[in-house]
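Features of the protein shown, as given by TrEMBL:
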- 9-155: domain 'Lactate/malate dehydrogenase N-terminal' (DOMAIN)
- D45, N108, V132, G133, N134: NAD(+) binding site (BINDING)
- R95, R101, N134, R165: substrate binding site (BINDING)
- 159-333: domain 'Lactate/malate dehydrogenase C-terminal' (DOMAIN)
- H190: active site, proton acceptor (ACT_SITE)
Amino acid sequence: VSADAEPIRVLVTGAAGQIAYSLLYSIAKGDVFGKDQPIILVLLDITPMLPVLDGVVMELQDCALPLLREVIPTDKVEVGFKDLDAAILVGSMPRKEGMERKDLLNANVAIFKTQGEALEKYAKKTVKVLVVGNPANTNCLIASKSAPSIPKENFSCLTRLDHNRARSQVAMRVGVPSDSVKNVIIWGNHSSTQYPDVHHAIVNHHGKEMSGFDAVNDESWLKGDFITTVQQRGAAVIKARKLSSAMSAAKAICDHMRDIWFGTPDGEWVSMGVYSTGNSYGVPNDLMYSFPVMIKNKTWKVVDGLSINDFSRGKMDATAAELVDERDTALTFLGA
(Lines of atoms letter the chains of each structure in order from A and count residues from 1; the text may use other names and numbers.)
(Lines give C-alpha, C1' and ligand atoms only; values in the text may rest on other atoms or scores of the structure.)
Protein backbone atom coordinates (compact mmCIF):
# COMPACT_ATOMS: atom_id res chain seq x y z
CA VAL A 1 0.00 0.00 0.00
CA SER A 2 1.50 3.31 -1.03
CA ALA A 3 1.22 5.63 1.93
CA ASP A 4 0.84 8.76 -0.19
CA ALA A 5 -2.21 7.78 -2.26
CA GLU A 6 -5.16 10.06 -1.52
CA PRO A 7 -8.10 8.11 -0.13
CA ILE A 8 -11.22 8.05 -2.29
CA ARG A 9 -14.67 8.55 -0.77
CA VAL A 10 -17.10 5.76 -1.52
CA LEU A 11 -20.74 5.84 -0.44
CA VAL A 12 -22.91 2.78 0.02
CA THR A 13 -26.61 3.41 0.75
CA GLY A 14 -28.84 0.84 2.39
CA ALA A 15 -25.64 0.09 4.24
CA ALA A 16 -27.30 -1.84 7.08
CA GLY A 17 -28.98 -4.19 4.59
CA GLN A 18 -27.92 -7.62 3.44
CA ILE A 19 -26.46 -6.75 0.02
CA ALA A 20 -24.22 -4.19 1.73
CA TYR A 21 -23.19 -6.78 4.30
CA SER A 22 -21.86 -8.96 1.48
CA LEU A 23 -20.36 -5.97 -0.35
CA LEU A 24 -18.51 -3.81 2.16
CA TYR A 25 -15.70 -6.24 2.94
CA SER A 26 -14.76 -6.62 -0.75
CA ILE A 27 -14.66 -2.86 -1.25
CA ALA A 28 -12.72 -2.23 1.96
CA LYS A 29 -10.08 -4.84 1.21
CA GLY A 30 -9.27 -3.48 -2.24
CA ASP A 31 -11.06 -5.86 -4.61
CA VAL A 32 -12.85 -3.04 -6.41
CA PHE A 33 -10.77 0.14 -6.52
CA GLY A 34 -7.35 -1.46 -6.38
CA LYS A 35 -4.93 -2.89 -3.86
CA ASP A 36 -3.10 0.39 -3.29
CA GLN A 37 -6.11 2.70 -3.12
CA PRO A 38 -7.00 3.85 0.42
CA ILE A 39 -10.73 4.26 1.02
CA ILE A 40 -13.06 6.30 3.18
CA LEU A 41 -16.31 4.35 3.38
CA VAL A 42 -19.47 6.37 3.92
CA LEU A 43 -22.43 4.28 5.04
CA LEU A 44 -25.89 5.80 4.68
CA ASP A 45 -29.13 4.30 5.93
CA ILE A 46 -32.42 5.42 7.40
CA THR A 47 -32.50 6.57 11.03
CA PRO A 48 -34.09 3.40 12.51
CA MET A 49 -31.20 1.37 11.05
CA LEU A 50 -28.41 3.38 12.74
CA PRO A 51 -27.95 0.92 15.66
CA VAL A 52 -27.52 -1.93 13.16
CA LEU A 53 -25.12 0.23 11.17
CA ASP A 54 -23.00 0.69 14.29
CA GLY A 55 -22.57 -3.08 14.40
CA VAL A 56 -21.46 -3.09 10.75
CA VAL A 57 -18.94 -0.35 11.53
CA MET A 58 -17.56 -2.39 14.44
CA GLU A 59 -17.11 -5.39 12.18
CA LEU A 60 -15.34 -3.35 9.50
CA GLN A 61 -13.00 -2.03 12.20
CA ASP A 62 -12.45 -5.58 13.44
CA CYS A 63 -11.41 -6.75 9.95
CA ALA A 64 -8.29 -4.57 10.44
CA LEU A 65 -8.08 -3.70 6.74
CA PRO A 66 -5.04 -1.58 5.82
CA LEU A 67 -6.79 0.31 3.01
CA LEU A 68 -9.77 1.35 5.10
CA ARG A 69 -8.88 4.78 6.46
CA GLU A 70 -12.23 5.79 7.88
CA VAL A 71 -15.82 4.56 8.18
CA ILE A 72 -18.56 7.15 8.45
CA PRO A 73 -22.04 5.90 9.38
CA THR A 74 -24.83 8.45 8.83
CA ASP A 75 -28.51 9.05 8.17
CA LYS A 76 -27.90 12.55 6.76
CA VAL A 77 -27.54 13.19 3.02
CA GLU A 78 -25.26 16.20 3.51
CA VAL A 79 -22.78 13.90 5.26
CA GLY A 80 -23.39 10.90 3.02
CA PHE A 81 -22.98 12.59 -0.36
CA LYS A 82 -20.15 15.00 0.45
CA ASP A 83 -17.14 15.01 -1.95
CA LEU A 84 -17.85 11.53 -3.29
CA ASP A 85 -15.72 9.73 -5.87
CA ALA A 86 -18.15 6.81 -6.13
CA ALA A 87 -21.72 6.21 -4.99
CA ILE A 88 -23.33 2.77 -4.84
CA LEU A 89 -27.03 3.30 -4.30
CA VAL A 90 -28.30 0.00 -2.93
CA GLY A 91 -31.07 1.27 -0.67
CA SER A 92 -34.57 1.52 -2.14
CA MET A 93 -38.16 0.87 -1.16
CA PRO A 94 -38.70 -2.86 -1.66
CA ARG A 95 -41.94 -4.12 -3.13
CA LYS A 96 -44.25 -5.32 -0.40
CA GLU A 97 -46.94 -7.92 -0.89
CA GLY A 98 -50.01 -6.53 -2.61
CA MET A 99 -48.17 -3.38 -3.64
CA GLU A 100 -48.96 -1.99 -7.08
CA ARG A 101 -45.97 -1.32 -9.31
CA LYS A 102 -46.93 2.34 -9.52
CA ASP A 103 -46.94 2.67 -5.72
CA LEU A 104 -43.47 1.18 -5.72
CA LEU A 105 -42.39 3.66 -8.40
CA ASN A 106 -43.89 6.58 -6.50
CA ALA A 107 -42.03 5.71 -3.30
CA ASN A 108 -38.75 5.24 -5.16
CA VAL A 109 -39.06 8.44 -7.20
CA ALA A 110 -39.11 10.32 -3.91
CA ILE A 111 -35.99 8.51 -2.65
CA PHE A 112 -33.95 8.86 -5.84
CA LYS A 113 -34.98 12.46 -6.43
CA THR A 114 -33.62 13.28 -2.94
CA GLN A 115 -30.42 11.34 -3.61
CA GLY A 116 -29.96 12.90 -7.05
CA GLU A 117 -30.37 16.36 -5.53
CA ALA A 118 -27.84 15.45 -2.83
CA LEU A 119 -25.35 14.27 -5.49
CA GLU A 120 -25.87 17.56 -7.32
CA LYS A 121 -25.32 19.64 -4.21
CA TYR A 122 -22.53 17.79 -2.36
CA ALA A 123 -20.69 15.24 -4.53
CA LYS A 124 -17.80 15.74 -6.94
CA LYS A 125 -18.94 16.32 -10.53
CA THR A 126 -16.75 13.35 -11.51
CA VAL A 127 -18.60 10.97 -9.18
CA LYS A 128 -19.48 7.56 -10.65
CA VAL A 129 -22.96 6.53 -9.56
CA LEU A 130 -24.18 2.93 -9.65
CA VAL A 131 -27.86 2.34 -8.89
CA VAL A 132 -28.71 -1.12 -7.55
CA GLY A 133 -32.03 -0.54 -5.74
CA ASN A 134 -35.03 -1.61 -7.81
CA PRO A 135 -36.60 -0.65 -10.15
CA ALA A 136 -32.93 0.10 -10.87
CA ASN A 137 -33.13 1.49 -14.43
CA THR A 138 -35.87 3.99 -13.64
CA ASN A 139 -34.41 4.89 -10.23
CA CYS A 140 -31.14 5.61 -12.02
CA LEU A 141 -32.88 7.84 -14.58
CA ILE A 142 -34.63 9.82 -11.84
CA ALA A 143 -31.37 10.28 -9.92
CA SER A 144 -29.58 11.51 -13.04
CA LYS A 145 -32.39 13.93 -13.93
CA SER A 146 -32.21 15.29 -10.38
CA ALA A 147 -28.45 15.95 -10.75
CA PRO A 148 -28.33 17.94 -14.00
CA SER A 149 -24.74 19.18 -13.58
CA ILE A 150 -23.31 15.66 -13.27
CA PRO A 151 -22.81 14.11 -16.72
CA LYS A 152 -25.46 11.51 -17.64
CA GLU A 153 -22.59 9.14 -18.55
CA ASN A 154 -21.57 9.04 -14.88
CA PHE A 155 -24.77 7.17 -13.99
CA SER A 156 -25.31 3.46 -14.56
CA CYS A 157 -27.51 0.74 -13.13
CA LEU A 158 -26.72 -2.85 -12.32
CA THR A 159 -27.45 -5.52 -14.92
CA ARG A 160 -24.12 -7.24 -14.29
CA LEU A 161 -25.83 -9.78 -12.04
CA ASP A 162 -28.02 -10.81 -14.97
CA HIS A 163 -24.93 -10.83 -17.22
CA ASN A 164 -23.10 -13.10 -14.77
CA ARG A 165 -26.15 -15.34 -14.48
CA ALA A 166 -26.33 -15.70 -18.26
CA ARG A 167 -22.63 -16.40 -18.56
CA SER A 168 -22.79 -19.04 -15.88
CA GLN A 169 -25.85 -20.79 -17.32
CA VAL A 170 -24.10 -21.15 -20.70
CA ALA A 171 -20.87 -22.32 -19.03
CA MET A 172 -22.66 -24.97 -16.97
CA ARG A 173 -24.57 -26.16 -20.02
CA VAL A 174 -21.39 -26.54 -22.07
CA GLY A 175 -19.31 -27.85 -19.16
CA VAL A 176 -16.62 -25.14 -19.09
CA PRO A 177 -15.59 -22.61 -16.41
CA SER A 178 -17.56 -19.36 -16.58
CA ASP A 179 -14.54 -17.34 -17.73
CA SER A 180 -14.54 -19.46 -20.88
CA VAL A 181 -17.77 -17.69 -21.88
CA LYS A 182 -17.64 -14.06 -22.96
CA ASN A 183 -19.75 -11.41 -24.65
CA VAL A 184 -23.19 -12.46 -23.56
CA ILE A 185 -25.50 -9.42 -23.52
CA ILE A 186 -28.32 -8.29 -21.27
CA TRP A 187 -30.59 -5.88 -23.15
CA GLY A 188 -33.03 -3.53 -21.49
CA ASN A 189 -34.59 -3.50 -18.05
CA HIS A 190 -33.41 -5.25 -14.90
CA SER A 191 -36.79 -6.97 -14.71
CA SER A 192 -38.38 -10.13 -16.07
CA THR A 193 -38.59 -8.49 -19.54
CA GLN A 194 -34.80 -8.23 -19.87
CA TYR A 195 -33.37 -10.07 -22.86
CA PRO A 196 -30.31 -12.27 -22.25
CA ASP A 197 -28.77 -12.59 -25.71
CA VAL A 198 -26.22 -15.24 -26.71
CA HIS A 199 -26.10 -14.46 -30.43
CA HIS A 200 -22.70 -12.78 -30.14
CA ALA A 201 -21.29 -14.84 -27.28
CA ILE A 202 -18.01 -16.71 -27.68
CA VAL A 203 -17.20 -19.92 -25.82
CA ASN A 204 -13.69 -21.26 -25.39
CA HIS A 205 -14.49 -24.94 -25.63
CA HIS A 206 -11.37 -26.80 -24.48
CA GLY A 207 -9.01 -24.47 -26.33
CA LYS A 208 -11.22 -23.85 -29.37
CA GLU A 209 -13.21 -20.63 -29.72
CA MET A 210 -16.75 -21.15 -30.98
CA SER A 211 -20.00 -19.24 -31.06
CA GLY A 212 -22.32 -19.64 -28.11
CA PHE A 213 -24.97 -21.29 -30.29
CA ASP A 214 -22.50 -23.83 -31.69
CA ALA A 215 -21.01 -24.61 -28.27
CA VAL A 216 -24.40 -25.13 -26.61
CA ASN A 217 -25.79 -26.84 -29.69
CA ASP A 218 -29.40 -26.61 -28.49
CA GLU A 219 -31.27 -23.71 -30.05
CA SER A 220 -34.59 -24.46 -28.38
CA TRP A 221 -32.93 -24.25 -24.93
CA LEU A 222 -31.13 -21.01 -25.81
CA LYS A 223 -34.33 -19.40 -27.06
CA GLY A 224 -36.50 -20.87 -24.30
CA ASP A 225 -35.48 -22.13 -20.87
CA PHE A 226 -32.16 -20.29 -20.86
CA ILE A 227 -33.90 -16.92 -21.27
CA THR A 228 -36.62 -17.57 -18.71
CA THR A 229 -34.12 -18.98 -16.20
CA VAL A 230 -32.04 -15.80 -16.34
CA GLN A 231 -35.11 -13.53 -16.35
CA GLN A 232 -36.63 -15.20 -13.30
CA ARG A 233 -33.48 -16.09 -11.38
CA GLY A 234 -34.04 -13.46 -8.71
CA ALA A 235 -37.47 -14.85 -7.90
CA ALA A 236 -36.08 -18.40 -7.82
CA VAL A 237 -33.45 -17.38 -5.25
CA ILE A 238 -36.07 -15.68 -3.07
CA LYS A 239 -38.27 -18.78 -3.23
CA ALA A 240 -35.38 -21.01 -2.14
CA ARG A 241 -33.56 -18.77 0.32
CA LYS A 242 -36.57 -16.78 1.61
CA LEU A 243 -34.30 -13.76 1.06
CA SER A 244 -33.17 -12.02 -2.10
CA SER A 245 -29.81 -12.52 -3.82
CA ALA A 246 -27.17 -10.78 -1.73
CA MET A 247 -23.87 -12.60 -2.27
CA SER A 248 -24.26 -12.68 -6.06
CA ALA A 249 -25.57 -9.11 -6.18
CA ALA A 250 -22.56 -7.90 -4.16
CA LYS A 251 -20.17 -9.76 -6.48
CA ALA A 252 -21.86 -8.18 -9.53
CA ILE A 253 -21.58 -4.70 -7.97
CA CYS A 254 -17.85 -5.30 -7.45
CA ASP A 255 -17.43 -6.50 -11.06
CA HIS A 256 -19.34 -3.49 -12.40
CA MET A 257 -17.42 -0.86 -10.40
CA ARG A 258 -14.05 -2.49 -10.97
CA ASP A 259 -14.67 -2.44 -14.73
CA ILE A 260 -15.60 1.25 -14.58
CA TRP A 261 -12.42 1.98 -12.64
CA PHE A 262 -10.00 -0.22 -14.60
CA GLY A 263 -11.72 -0.87 -17.93
CA THR A 264 -12.88 -4.02 -19.71
CA PRO A 265 -10.45 -6.56 -21.19
CA ASP A 266 -9.62 -6.13 -24.90
CA GLY A 267 -12.25 -7.63 -27.16
CA GLU A 268 -14.70 -8.15 -24.31
CA TRP A 269 -17.80 -6.29 -23.35
CA VAL A 270 -20.03 -6.28 -20.28
CA SER A 271 -23.66 -5.35 -19.72
CA MET A 272 -24.63 -2.15 -17.90
CA GLY A 273 -27.74 -0.02 -17.76
CA VAL A 274 -26.63 3.29 -19.28
CA TYR A 275 -28.24 6.41 -20.70
CA SER A 276 -29.56 5.78 -24.18
CA THR A 277 -28.93 8.49 -26.69
CA GLY A 278 -28.46 7.86 -30.40
CA ASN A 279 -27.58 4.17 -30.70
CA SER A 280 -27.62 1.81 -33.67
CA TYR A 281 -30.24 -0.43 -32.04
CA GLY A 282 -33.30 1.82 -32.26
CA VAL A 283 -33.62 2.00 -28.49
CA PRO A 284 -35.62 5.11 -27.55
CA ASN A 285 -33.64 8.04 -26.17
CA ASP A 286 -33.80 9.16 -22.54
CA LEU A 287 -33.90 5.72 -20.94
CA MET A 288 -31.48 3.84 -18.75
CA TYR A 289 -31.24 0.70 -20.87
CA SER A 290 -28.82 -2.19 -20.56
CA PHE A 291 -26.41 -2.41 -23.49
CA PRO A 292 -23.16 -4.19 -24.19
CA VAL A 293 -20.42 -1.69 -23.32
CA MET A 294 -16.66 -1.45 -23.45
CA ILE A 295 -14.95 0.74 -20.87
CA LYS A 296 -11.68 2.65 -21.10
CA ASN A 297 -10.37 5.55 -18.98
CA LYS A 298 -13.50 5.32 -16.81
CA THR A 299 -15.64 6.02 -19.89
CA TRP A 300 -18.08 3.53 -21.37
CA LYS A 301 -19.03 3.18 -25.00
CA VAL A 302 -21.94 1.13 -26.33
CA VAL A 303 -20.76 -1.67 -28.61
CA ASP A 304 -22.55 -0.51 -31.73
CA GLY A 305 -23.43 -2.23 -34.96
CA LEU A 306 -23.95 -5.82 -33.80
CA SER A 307 -26.35 -7.66 -36.09
CA ILE A 308 -29.81 -8.10 -34.59
CA ASN A 309 -32.19 -10.76 -35.92
CA ASP A 310 -35.99 -10.62 -35.71
CA PHE A 311 -36.10 -12.80 -32.59
CA SER A 312 -33.75 -10.43 -30.74
CA ARG A 313 -35.46 -7.33 -32.11
CA GLY A 314 -38.83 -8.36 -30.66
CA LYS A 315 -37.33 -9.01 -27.22
CA MET A 316 -35.32 -5.76 -27.23
CA ASP A 317 -38.40 -3.76 -28.19
CA ALA A 318 -40.57 -5.37 -25.51
CA THR A 319 -38.18 -4.47 -22.68
CA ALA A 320 -37.78 -0.94 -24.12
CA ALA A 321 -41.56 -0.52 -24.11
CA GLU A 322 -41.68 -1.48 -20.43
CA LEU A 323 -38.95 1.07 -19.65
CA VAL A 324 -40.75 3.85 -21.55
CA ASP A 325 -43.89 3.07 -19.57
CA GLU A 326 -41.97 3.08 -16.26
CA ARG A 327 -40.22 6.31 -17.14
CA ASP A 328 -43.41 8.10 -18.10
CA THR A 329 -45.15 6.99 -14.88
CA ALA A 330 -42.12 8.04 -12.82
CA LEU A 331 -41.90 11.44 -14.51
CA THR A 332 -45.52 12.23 -13.62
CA PHE A 333 -44.57 11.59 -9.97
CA LEU A 334 -41.39 13.67 -10.38
CA GLY A 335 -43.40 16.57 -11.73
CA ALA A 336 -46.10 16.28 -9.07
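Yeah, the Cβs are placed from backbone N, Cα and C, and that goes for glycine too.
Ranked by Cβ neighbours within 10 A across all protein chains shown, the binding-site residues N108, N134 are led by N108. Largest Cα-Cα distance over the residues recorded as binding substrate, namely R95, R101, N134, R165, equals 25 Å. Taken residue by residue, the domain 'Lactate/malate dehydrogenase N-terminal' (9-155) breaks down under DSSP into 66 helix, 27 strand, 54 coil. Looking only at the domain 'Lactate/malate dehydrogenase N-terminal' (9-155), the predicted model's pLDDT averages out at 96.
When the Cα atoms are compared, R101 (substrate binding site) and N108 (NAD(+) binding site) turn out to be 11 Å apart.
Separating the Cα atoms of R95 (substrate binding site) and N108 (NAD(+) binding site) is a whole-number distance of 10 Å. When the Cα atoms are compared, H190 (active site, proton acceptor) and N134 (NAD(+) binding site) turn out to be 8 Å apart. For the pair formed by N108 (NAD(+) binding site) and R165 (substrate binding site), distance between Cα atoms is given as 26 Å, rounded to the nearest Å. G133 (NAD(+) binding site) is 18 Å away from R165 (substrate binding site) when you measure Cα to Cα. Less than 8 angstroms from the CB of V132 (NAD(+) binding site) sit I19, I88, L89, V90, S92, C157, L158, A249, I253, each of them six or more residues away in the same chain.
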